[in-house]
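Okay, structure first, notes after.
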């Protein structure tokens, strides 16, 4: 029993904060008039930017829910949600930098639990009934032992007839307890799975709603860990606390009353010994927790090394560094094994001592009980009942000590999940104005911008650019000059720090983001990401309702139809993860087909051919030239040879427009663009 008290160690953490969004969109296209909308927007844009996350506020419903969940939860309190309890557990993925431990959101939990409340209450009643039967069982055993003892001593009467009554009662108790246990486990399993499923769905939807700035600041591994490990941890804790916590607490209280009823003297001796043992266990446990923490940190280092090596396995193989990575990982694993072995020895020694002490308690109970029997203060059956009830108390208290740690771990895991479920994006997913007539004219009006992760570094400074509808404008410049940032602002992945991005004279911050990205803009970047499904489903990604004929037409326009049909499965060919089974040029053309299927009015080409070989570049360039027809096109170029036919070329330098004009005009000026052309030609000649 005392071994389990080791698992209740607390680490104080700071409260979290939540992401708070500023609602700038409208409810739909039928909202206020455009002038009124612009007036509302002008007031909003001058408001202070909201903090990254809002403070947590306690909810009265949460306190009521804590009562419903049983006294086992109440013993932890609200602060327990900010603690981490664990002796031996897998390492959690933690982002760099200090991160405050989030509070458990009882209000959100209540929303998830409310649909399952009837099943939960039924399970609680069944668990309570099973606990009451467990209290009654030691007393019935005592009656049975008294019958056997009396018959052994007196040899009078019919043994089978006398033992039949207590035995049948005990058998009925066992059967009823088994049925109640089966019932509450089934119900709790259903409640736990449904709550966990709803939690995962809500969390995943919340993550998808977040803007790009959120994913710049958070690691993907951390988010996946929230969806998997944290939800699983919370579900397991929830089910165990309800099933085991209520039963253990009821059994402890009930059996203590039974012990006092059977023998107040023996109960008093037990109450004297128990606090001493618990205190000793807590002292030794603090030492073992330090060993455990070091072992966990070492496991985390080994896991991080393996994750990095496997995530970059192509680079590892490209440099033939498999043996070096194996040596590094083996060294970390050996350190982890050594620390865990030391921890295991400590646990083994303590467990052995605990067993000796607990058995001595049993022996002492028999000795003291025998003395009471000799003075006729206790019968054999009562001593048997006392022993069984005391063992039940020990098991229940040990179980509660484990559950205490499980409660804290579960609340901590749930708090981390609810932290992201409660986030509101600064840029809403939908809602806002939709232009009834779209021409496709773009205006970056005195735009300044800094990434949220680098607030002190301006990527764009007073950037001003007007792109007429139906024209192709190319952005060129050195790496880090802000070219891709311009495309990100047009897609409204971010909002400008200053200035505005306008579409047909309307600030895109009052437009519906889902309409803007889903129908107006087609985006093709340097490294297109495909999904591990069929080619036809990848092309349909932007328009799930598109017919096969429309998909085939988009593929023809993207110069992809011929190579797709050359595969044995054609359009139904399954692609590997991220489309690794296709070449770079093939992936790019599938991405172009995906963008063209939406028939966007605006097309963004972010260095779409820079990573391709000459032959693939030629095939993709033909598709891109075809895609530009009748659309406003923003080209972010690395290879300057691909943009000579653009209507206008913009040279970016230090976040500002340095030069603007046609290819021939800029060459004649002999400025930055001409210098870029000259250097690229020189590099090309040297490469040959």
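Quick reminder: no glycine exception, Cβ is built from N, Cα and C everywhere.
Since the structure is predicted, the reported quantities are computational estimates derived from the model, not experimental observations.
For 1-31, the entry in Swiss-Prot reads transit peptide.
Packing against the transmembrane segment (115-135) from elsewhere in the chain are residues 68, 70, 173, 176-177, 180-181, 183-184, 187-188, 190-191, 194-195, 198, 242-243, 246-248, 250-251, 254-255, 258, 389, 392: each is 6 or more residues past its ends and has a CB under 8 Å from a CB in it. Annotation source Swiss-Prot lists transmembrane segment at 115-135 (among others).
According to Swiss-Prot, the domain 'ABC transmembrane type-1' annotation covers 121-409, on the basis of sequence analysis.
Here Swiss-Prot flags 168-188 (among others) as transmembrane segment, drawing on sequence analysis. Beyond its flanks by at least six residues, the transmembrane segment (168-188) meets 119-120, 122-124, 126-127, 129-130, 133-134, 136-137, 140-141, 143-144, 239, 242-243 of its own chain at Cβ-Cβ distances under 8 Å.
Annotation source Swiss-Prot lists transmembrane segment at 268-288 (among others).
If you look up Swiss-Prot, you'll see 342-362 (among others) marked as transmembrane segment, on the strength of sequence analysis.
Per Swiss-Prot, the feature domain 'ABC transporter' maps to 442-679.
For the recorded site, residue 484 (ATP binding site), the DSSP three-state label reads helix. The Cβ of residue 484 (ATP binding site) lies under 8 Å from the Cβ of 606, 607, 636, each of these being in the same chain and 6 or more residues away along the sequence. The ATP binding site annotation in Swiss-Prot covers 477, 478, 479, 480, 481, 482, 483, 484 and is backed by sequence analysis.
Excluding 477, 478, 479, 480, 481, 482, 483, 484, which define the ATP site, the same chain contributes 485, 652 within 8 Å (Cβ to the Cβ centroid), listed in sequence order. Secondary structure at residue 477 (ATP binding site), taken from DSSP and collapsed to helix, strand or coil, is strand.
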